[in-house]
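Student: Below you'll find the structure I mean.
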Number of protein chains: 2
Amino acid sequence: MLRTHTCGELRLADVNKQVTLAGWVQRQRDKGSVLWIDLRDRYGITQLIFEEGKTDAALFSVARGAGREYVLQVEGTVVERLSKNDKIATGEVEVKVSKLTILNTAKLPPFTIEDETDGGDDLRMKYRYLDLRRNPVREKLQLRHKMAQQTRAYLDGQEFIEVETPVLIKSTPEGARDFVVPSRIHHGEFYALPQSPQTFKQLLMVSGFDRYYQIVKCFRDEDLRADRQPEFTQIDCEMAFITQEDILNTFEGLVRHLFKNVKGIELPSVPRMFYDDAMKLYGSDKPDTRFDMKFVEITELTKGKNFPVFESAELVVGINAKGCSEYTRKQIDELTEYVKRPQVGAKGLVYLQYRTDGTLKSSVDKFYTPEELKAWAVKFNAQPGDLILLLAGESYTTRKQLNELRLLMGEKLGLRDKSKFSALWVIDFPLLEWNEETKRYHAMHHPFTSPKIEDLHLLDTDPGKVRANAYDMVINGTEVGGGSIRIHDRPTQQLMFNHLGFTEEEAKKQFGFLMDAFEFGAPPHGGIAFGFDRLCSIFGGVDSIRDFIAFPKNNAGKDVMIDSPSPISDEQLKELALTVKK
Amino acid sequence: MLRTHTCGELRLADVNKQVTLAGWVQRQRDKGSVLWIDLRDRYGITQLIFEEGKTDAALFSVARGAGREYVLQVEGTVVERLSKNDKIATGEVEVKVSKLTILNTAKLPPFTIEDETDGGDDLRMKYRYLDLRRNPVREKLQLRHKMAQQTRAYLDGQEFIEVETPVLIKSTPEGARDFVVPSRIHHGEFYALPQSPQTFKQLLMVSGFDRYYQIVKCFRDEDLRADRQPEFTQIDCEMAFITQEDILNTFEGLVRHLFKNVKGIELPSVPRMFYDDAMKLYGSDKPDTRFDMKFVEITELTKGKNFPVFESAELVVGINAKGCSEYTRKQIDELTEYVKRPQVGAKGLVYLQYRTDGTLKSSVDKFYTPEELKAWAVKFNAQPGDLILLLAGESYTTRKQLNELRLLMGEKLGLRDKSKFSALWVIDFPLLEWNEETKRYHAMHHPFTSPKIEDLHLLDTDPGKVRANAYDMVINGTEVGGGSIRIHDRPTQQLMFNHLGFTEEEAKKQFGFLMDAFEFGAPPHGGIAFGFDRLCSIFGGVDSIRDFIAFPKNNAGKDVMIDSPSPISDEQLKELALTVKK
């Protein structure tokens, strides 16, 4: 090795040792007769000292010429520092350098390699290899590494077998758009990159592998939007001979193991909530349960008083923002503006202030008596100091809108602390959801999800009401994982494809191999997949997933560092028998 | 769980326990009044017993109807077996079944699910999920799992960080052919799938990650041949601030860790051999060192005796096949036929039998005196009982041919035992190799490999003689891994590209990002990549890598199970702005 120690290693106990370090020049402080260099590597920073009269003059001069980000190898003696720095682990010592080799020079970086940099997003993406030198970015990838190792440690301990499934598979029409890979040997034919290893992991269950996992790259050629990547990573798992209960317990175990071993947090056992309740109480299938502020419905209490908005509403529903009764007119106007934004889409906001002096003030005072408003407050279990915020309209839409408002109020009240964690299982998702665009039902999870047997009779009459053996894990209002108990017999799978609008022929062409497999002794099975990039970002307390990916693509799906995608040669196109239409 | 125990778990100590098992019917033995079923899962086999008069009649009848590969759940009592089976771990007990549920039926499999199956290759590929049920296949994937876990355990212990590099990257002209992925958003532009994460891992070194690894899928669109897969897996590693010595030690450590922890074998420390010596002594850069049989050159001894073949030969070289002196004429003819095959390409074979009676017999007796032949034998250090086999011709070609013969003789003499392991580092590979087809030098390892500084002066005058800081690990005559110390400065990298025939513009377009990175403080670095599929197959003592891959493609690059590659829809092509030329 070109070093005896790392730059994060030396302590007082090492004083007088001869050491060799290697790393990058973080900064220089030049006091004329004394020169200090902070030498940085992945493990930390160690201060080097060069003193006029004590350090060889030629060496001193070379050291002074070593600019930011130069790569140095130094030999020297560990000495105790006069003025210690308790902010870094090596802050009690410095190295008196007796030999210095410049391993490489460096041009001035296009942005500062500091925790807070002056580089904009585009520049940092182009020079990603420099951005990765910054502590906050490097630490995110180190966290990811730890998450991956701990995930494997837990699953290995539970007798899961890691199996690699293929990346060059077959394009299927269901789900998002596939990336495809033209075959050079079979012209006109294409492989597809997997959106998930779903069918393969099910086949492994048919094979008897019984407990499978893989931390695996998946691909979706979706229209890009902020913080979505064309390639992403899943913790992909499947188990056989289990019930839903076993899956929930096993993967609650995984998440608690990760919190304990990566963050040192003892997560309490993960509560479960029916999808219907989540929608009713939070207007979301991924409620942020770091805070309460559940929905309260007061539709009945508002009827017959000639307030047209409530009179015509299918649902009047609200939240209690505790401690906000003294919001100013301006503050409440801002909330109204917020819910009226196109992204939220409400027509307006009704408020009821339960003032600290015990009086009630509402935007609908002229329609309701103080007694009637008091009854609302009671229903909300409100206290003086509370602010009730109400939306009205069609049930589903109104709940969705109120969810946005609830999240905003949670934010304002500081209830969405990124260092706090609240996990939740949402269970009993609907099997199907109506798609207005295609005018047919789509699988809410995927076509391999089993319906609840007791709901099967609704499949023809009221398909939207059929519940699935499907579950999501939600942490802090973000879906981090989802799965289901799968169909494991051919007739049910065929029935499912029928209801999703597949002809029998299409189903056979696309998924015949899976249905065939179900006829050769398929065990009951189910599984889950966690979005690994997202899970890491939540553990890191950061909204964006981008910095948890070493070399991410930008919002146009481009890697601007390597300039990809890019044109290929005519020869390549010819070999693939392809022409590009301009 | 649908079971209390696995099918590999029950022992005498469990007798009288009430248990629930789930698994597949391996076989039935029906003695009329007694019926046994072997129930199988991933963990083993447990015998179930049903007895007329003792077992409920309806249950007995259902059990009798449960054919091969049916999926059963049974409840019952563990009892001691009358006739024990010491071939299986559960062989001392059986389960007296009191309840049986058929979890799924099974059609008759197209081949038998036994260690030795009657299914041909094609059938087993089509029904891969059934082939995976067979013990020998399942065990190979379990071995692979263990190899992966132990690889990570070792590298984690050495402070390597696992970093995922992108799969959608950029097509580069160097190396094998890329698989490409058309962009739907940027028409006419393509991503490429990585042949290796080479440039990314080097960028991670520039970033200061210092020790990187990844068990990662790589892709090569090469012309297919037996036992080559378009997608394969590498253990990919890179280190900074190291010398070649550090890399060799670290990864010798990995391989010895794997042998110890996966196979319980203490591998001795791995010897090192110069490439030049390997070629001279074995005619191969990946010699099988499980056996000696080194080449001996006797060119000088053969000259001037009017044997035309030797007279005109640049090199006369042979091996000593110990104990083969009494080979019959027929056996020697077979060896001659072997070396004359087009795949080997020799013109003929000269032999010298050092008979057990001390006499010498040779195919060139009329050109050489017994004394001259004796001198050959001395050079070979031959003893009575030995057979010397000689080839002659142009040095490089002749050595290659003799390598084939050496391997054949090793095989014949039982010296290539798959349960024995011999590892070797081959070092100091040439930097460049001449390609007759393109009439230019190609990088022998890859364009990022550093030349030996002491050979740099030969780059213009005798490029083929420049040695590289490049090394391969060879086990049992197979290259399992290779790597190099990399170039880490722009001028040398540019020089290298020049010598590989890149224009400056091409080099910049393809690898500008890497050369840019080298200007911002790149540390000395190097690395290695192991072929994980191959490494597993060697550990498994099997020649083919295919069964160490869960879902392999066939020799035409097809997955016949899912029928991939396959045509995509016109709509997909249109979205990608592509047309297929028929």
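Using the three backbone atoms N, Cα and C, a Cβ is placed for every residue, glycine included.
As annotated by TrEMBL, domain 'Aminoacyl-transfer RNA synthetases class-II family profile' applies to A:143-552. Annotated L-aspartate binding site per TrEMBL: A:Glu174, A:Arg220, A:His445, A:Arg486, in sequence order. Sequence annotations record features per position, and here TrEMBL assigns region 'Aspartate' to A:198-201. Feature annotation from TrEMBL assigns ATP binding site to A:Arg220, A:Asp221, A:Glu222, A:Gln229, A:Glu479, A:Gly531, A:Phe532, A:Asp533, A:Arg534.
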Student: Rank the binding-site residues A:Arg220, A:His445, A:Arg486 by the number of other Cβ atoms within 10 Å of each Cβ, and give the residue at the low end.
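Tutor: Counting other Cβ atoms within 10 Å of each of the binding-site residues A:Arg220, A:His445, A:Arg486, the minimum falls on A:Arg220.
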Student: Test of understanding: give the count of other CB atoms lying within 10 angstroms of the CB of A:Arg534 (ATP binding site).
Tutor: 20
Student: Per the record, ATP is bound by A:Arg220, A:Asp221, A:Glu222, A:Gln229, A:Glu479, A:Gly531, A:Phe532, A:Asp533, A:Arg534: how many Å separate the farthest pair of Cα atoms?
Tutor: 20
Student: Measure from the CA atom of A:His445 (L-aspartate binding site) to the CA atom of A:Glu479 (ATP binding site) and give the result in Å, rounded to a whole number.
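Tutor: Their Cα atoms are separated by 13 Å.
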Student: Roughly how many Å lie between the Cα atoms of A:Arg534 (ATP binding site) and A:His445 (L-aspartate binding site), rounded to a whole value?
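Tutor: Each residue's Cα considered, A:Arg534 (ATP binding site) and A:His445 (L-aspartate binding site) end up 18 Å apart.
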Student: Who sits close to A:Phe532 (ATP binding site): which same-chain residues at least 6 apart have their Cβ under 8 Å from its Cβ?
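Tutor: Correct list: A:Arg144, A:Met147, A:Ala148, A:Ile215, A:Phe232, A:Thr233, A:Gln234, A:Ile235.
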Student: For a quick check of packing: other C-beta atoms within 10 Å of the C-beta of A:Glu479 (ATP binding site), how many?
Tutor: 16
Student: At the Cα level, what's the spacing in Å between A:His445 (L-aspartate binding site) and A:Glu222 (ATP binding site), rounded?
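Tutor: Cα to Cα, A:His445 (L-aspartate binding site) and A:Glu222 (ATP binding site) are separated by 17 Å.
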Student: Residues with Cβ closer than 8 Å to the Cβ of A:Glu222 (ATP binding site), same chain and 6+ apart in sequence?
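Tutor: Long-range Cβ contacts: A:Ala176, A:Arg177, A:Arg228, A:Pro230.
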Student: In terms of DSSP three-state secondary structure, what is the assignment for A:Arg220 (L-aspartate binding site)?
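Tutor: DSSP assigns A:Arg220 (L-aspartate binding site) to coil.
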Student: Three-state secondary structure of A:Glu479 (ATP binding site) from DSSP?
Tutor: strand
Student: What three-state secondary structure does DSSP assign to A:Arg486 (L-aspartate binding site)?
Tutor: strand
Student: Is it possible to list how many residues within the region 'Aspartate' (A:198-201) are helical, extended or coil according to DSSP?
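Tutor: Taking each residue of the region 'Aspartate' (A:198-201) in turn, the totals are 4 helix, 0 strand, 0 coil.
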